[in-house]
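K.L.:
Questions regarding the structure given below will be posed in turn.
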């Protein structure tokens, strides 16, 4: 276990055969391995380089970051919410956090496209999973709410790994308790504003209806992007528009850059708190087949990056990536895409420097 912890980067290795340290503040590094002064000497948690630690080695945490028992002292934290009791079609999103973490071992320290250096700017760790009850959805929502009260109450920005989209409702309860009604950038194939199904008011098709009911959203600062699919009625987006939401249909995004759209979104969100909720089924199933309710003709991964990077500069107080159901994509690419999108979210948080 000691070797696994060391290899995962939870502490610097201390082996008997070492190279001479160039600084008394940096631990010695094993012979034959390249030095990474920013890793061994940094006050931040930095993902280990695959040039020094094999990707297959170590604890399966998000980006092989250290694992902590709480968010205390952190600026941002990855947290799993392995719940899919609220799904209406194919289950399996409870395994999303585990597979996203596994695929995240491919990710590296810097965002070479944007220059973002989150691990030189923020103290980040993986704080494990919320201990949900898959047999009781209302109780699970209470457990998620309580867990995120602790996270946001500590001043930490949560980045949640779902789980089905039900989880966003109790997360936003906790976020709004601290920040007040928040703006929302919501990427999805579905608006998730149904009132009920089979008599139940809580499932993955209702989270934003419940959030409106409880005053958790600043409805004039809500944008939903990538919406599409068949519907139960002739005007499925009337409720959203009546609340003041901006609904951007997938057809409005086809074959074009979303950079101009995101310039408008930034103006709409202003400098007040914003939450990002990204359902992986917002993307076309050609790119993300591993999900429970896929809809054809969705967004591309490049457009997903434009949306997230377009949120840079906003007052982001929390994020989630939901509805990855790994068993429907044996390649692992859906979870890999989810891991990359979470990294992109981390890169746009307030306080992240560019190199």
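The backbone N, Cα and C atoms fix where each Cβ goes, glycine too.
So TrEMBL says this about it:
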- 165, 188, 190, 192, 279, 281: Mn(2+) binding site (BINDING)
K.L.:
Once near-sequence residues are set aside, which residues in the chain of residue 188 (Mn(2+) binding site), 6 or more away, have Cβ atoms under 8 Å from its Cβ?
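P.N.:
Residue 188 (Mn(2+) binding site) has long-range Cβ partners 165, 224, 225, 226, 227, 277, 278, 279, 281, 282.
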K.L.:
Other residues with Cβ within 8 Å of the Cβ centroid of 165, 188, 190, 192, 279, 281 at the Mn(2+) site?
P.N.:
186, 189, 191, 204, 282, 293, 322, 323
K.L.:
Given the binding-site residues 192, 279, 281, and counting only Cβ atoms in the protein chains shown, which has the most within 10 Å of its Cβ?
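P.N.:
It comes out as 281.
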K.L.:
Give me the non-local Cβ neighbours of residue 190 (Mn(2+) binding site): same chain, 6+ apart in sequence, Cβ-Cβ under 8 Å, ordered along the sequence.
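P.N.:
The answer is 205, 227, 229, 279, 281, 293, 295.
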